[in-house]
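**Q** A single structure is presented below for examination.
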């Protein structure tokens, strides 16, 4: 699913980081969600998605309205206009 989205080297590095049994840390995934969920509502809303790149680097650009809406549509499985943790996992 990430092939073509992430560089092969990045995918390999991520997989190598959790190759050993019991090395996957689900808390890291929760931290990722919490970082993007700036208002700690338990959901990632449109404005938080717009600033998604800036969670990685303060100098990064904001996503365009079209990019933000496409991102939201891809992750909003129940059509409520926001992405919950369960929806993110299912996306």
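Placement of Cβ uses the backbone N, Cα and C atoms for every residue, glycine included.
Grabbed the feature section from Swiss-Prot, which reads as follows:
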{"type": "MOD_RES", "residues": "1", "note": "N-acetylalanine"}
{"type": "DOMAIN", "residues": "24-59", "note": "domain 'EF-hand 1'"}
{"type": "BINDING", "residues": "37, 39, 41, 43, 45, 48", "note": "Ca(2+) 1 binding site"}
{"type": "DOMAIN", "residues": "63-91", "note": "domain 'EF-hand 2'"}
{"type": "BINDING", "residues": "76, 78, 80", "note": "Ca(2+) 2 binding site"}
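Burial and contacts for the listed features, if you can.
**A** Sequence-distant contacts of the domain 'EF-hand 1' (24-59) (same chain, at least 6 residues past either end, Cβ-Cβ under 8 Å): 18, 65, 68-69, 71-72, 75, 81-85, 88.
Residue 39 (Ca(2+) 1 binding site) has a Cβ environment of 10 other Cβ atoms inside 10 Å.
Around the Cβ of residue 78 (Ca(2+) 2 binding site), a 10 Å sphere holds 11 further Cβ atoms from the protein chains shown.
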**Q** Over the domain 'EF-hand 2' (63-91), work out the mean pLDDT and round it to an integer.
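**A** Taking every residue of the domain 'EF-hand 2' (63-91) together, the mean pLDDT is 82.
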**Q** Measuring Cα to Cα, tell me the gap between residue 37 (Ca(2+) 1 binding site) and residue 78 (Ca(2+) 2 binding site) in whole angstrom.
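**A** Here the two Cα atoms lie 18 Å apart.
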